Structures are given as C-alpha cells and as structure tokens.
Amino acid sequence: MKRKERDRNEDDEKDTPPSILDSLPLDLKLATLSKLPAKSLTKTWSSIIRSREFIDYYYAMSSTKPRFIVALTNGVDSKPEEKLTFFYSFSLGGEEESSSLVPKFEMAIPTRLRGQAYFASLHGFLSVETDCGMIVCNPSTEQLVTMPKSAAFVGYDPIGGQYKALTVYRPQGDPPSHKVLTLGGTQGWRHIEGNPEPYTQIVYAGVCINGVLYYGALTKHKYNPVMSIFIDYNGKLASIARDPFYELRSFDLWILEDVGKNDWSKQTCVLPQSMLAPPGAEVVEYSFPGATKAGEIIILPNKLSKKVEPFYIFYYNVKTQKERRVRLLGIGDNKEFRRSYGLYKKIDCYVRMVPQHVESIAFLKNPMI
C-alpha cells in the first residue's frame, strides 16, 4: 500500500468513531462513552465529553463504583524539583472480605504532603495541603491547580455545583475574618457575613459534608488537650477524640445526630490487642481518614515504615469493636519500589487517604483569580 493511501485510510479510521457516535441518540451516546477509561476519553473524545450532560452522566455512573485514594510522599529532601507525591487508587469492589488490594497508579504532583495535611475528595477532585500550599487535582484528567497561598480549605457546593476556597485572616486583637473564592468565578474573594465565636488558631483539618465545611479551632478562653479529628460518618459529621500524648489504645467517637439541636452521641472504642505495638516495638502513628458505608472506622498509618515490610490499613467495627486489616500491595513492601520512588530511610514519607472517591472527567475553568 502506498504511503499516501495508507495515511488517508488511517485518517479515515480516526474520523470514523466520532461520526458514528454523532448519529446515535443522546442516551446511547452517553452510555457508550461512559464505559471507556477516563484518561482515554480526555485524550480521544475531548470535543464530545465537555458537555455538562455527559460530565454529570459519567459522574453518576462512577458513583456506583467508588474507590479510595492513597497519597504517598517520597523521601527526597535535597532538591525541591525532586520532591513528589504519588496518588494510587484501589477498587472498593468486595473490599469487606478482601485481605489485600492491588494499587493503580494515577498521577504524581511536584511537591510533598505536609505532616497532618488536609486531604479531601470533592466531587471528583482531590484537595491536598502540601509544602507549596493547597493544591486541587483530578487524577482522571491529571489536571493540577495551585490555589492562592491564603487558601486554608477547599470545599464543594452541591447546590451550585461549584468548588470554593476558604481563607481566614486573624488580625491581631480582632475577630477572624473569613473570605470565600469560587473557583472559575469572576468576583474574586468575597467576605462572609457574620462571625463565629472568636478563635485564635485552626488546629484540626476540616471535612466538607453536603456543602458545609467543618474544622476545629482554639478559642482564647478554652483549651482542650484532646486531639480531635473530623470525618464524614455516613453523611454525618463525626469527631474522633483521643489523647495525643499517649499511644493510641482507645478513642471516643462523637457523632452529630442533629445539627439544629447540636445533639451528639458518644461511644468509646477500644482497639483490639492485635493493633497495639508489642513492648519495645516502634510505636505507629495513626490517622483516621473516614469511614466505610458499613460504618467501619478506617485507621491508617501516618507514615511509611522505615523498614521494608507490608503496608496495612485497618477497619474498625464500632458495633463489634473488632478490626480487620487489608494489605495494600506494592506500597513500600519491596526494596525496588522504595528505590524507584525515592522512599529513603532518613526522611519521613507521609501517607494520606481519602475513602469513597468518585471518578470525574470535569475540568476547572479559569480557576485562578
């Protein structure tokens, strides 16, 4: 076959899929494209998938098979350009009985997580606090957006379908001032009317539930040494409270049952012996990224062990007070992996996780103001 003829035939083949797809009814078109991988869609069908109808349809289909995302920083500390955070996804299909899960690499960003970083899944996007400030990214499209330096948290408003950043100014001697920025909007930072009880410092990472952003702060006259972590517990705000000065052996689970009445329920959860470090062993620092739909509390090691060993996450059943562990295969459990990803022994490699992440092919338009 001559080169010109071959090139013409190849061009015809490239043009064929869109022309056939255009002739299909809208519902069949949406159903057909939604079965393709997100990265394939964004590269091959970019002119078709930008419609709001398809974006919403794809998200609705993806919500039936959510995943959880694990973020892992490397141990490079010498050159800023070599500092990286890697994102891996894990399927949730049948995870209740799985003893091990295989990761899928999604993307990497050119910065490292902070020690107790804010890390959230927001309607298909990830919001993560890094050494370079707040970053929003979409693992499916690999879009990466750096937020303004002043942004403290990013949330999602389901009513307006908008992503919004919050900043808090604390002038000396004055109550804190709050501003909000709608990503892709045209108004810039806007003042939020009304002030809560004056506080001096944000101390607990926030969680966004149904368009409401919750976070913990200290007031001038109240101090509580108990560390509190906010999570989404089946659509309700929950707080996990524990003494930060001792090894994790138990915690109190507070659930906001009625927002209007400020009605909280409380249950003390005692960890089983299998989760406790034996005498003389390295004490593991844990974080609580959230809960499963079955109501299990997820417990995650805050750092990658400096030893080459299997990496486990734990699921704690509040009702039975029993735990199960799931091994995340390939997360630091072999020397080749550690060498390739720069996971060195001397530098802490932080680990964060978000449960129930739903894949999206949406893009943020004009995100910076």
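For all residues, glycine too, the Cβ spot is worked out from N, Cα and C.
Bear in mind that TrEMBL entries carry predicted annotations, made automatically and left uncurated.
In TrEMBL this protein carries:
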- 1-11: compositional bias 'Basic and acidic residues' (COMPBIAS)
- 82-226: domain 'F-box associated beta-propeller type 3' (DOMAIN)
- 228-345: domain 'F-box associated beta-propeller type 3' (DOMAIN)
- 1-20: region 'Disordered' (REGION)
- Message: DSSP on the domain 'F-box associated beta-propeller type 3' (228-345): how many residues come out helix, how many strand, how many coil?
- Response: 10 helix, 56 strand, 52 coil
- Task: Give the residue counts of the domain 'F-box associated beta-propeller type 3' (82-226) per reduced DSSP state, in the order helix, strand, coil.
- Result: 1 helix, 73 strand, 71 coil
- Query: So what pLDDT does the domain 'F-box associated beta-propeller type 3' (228-345) average out to?
  - Reply: 86
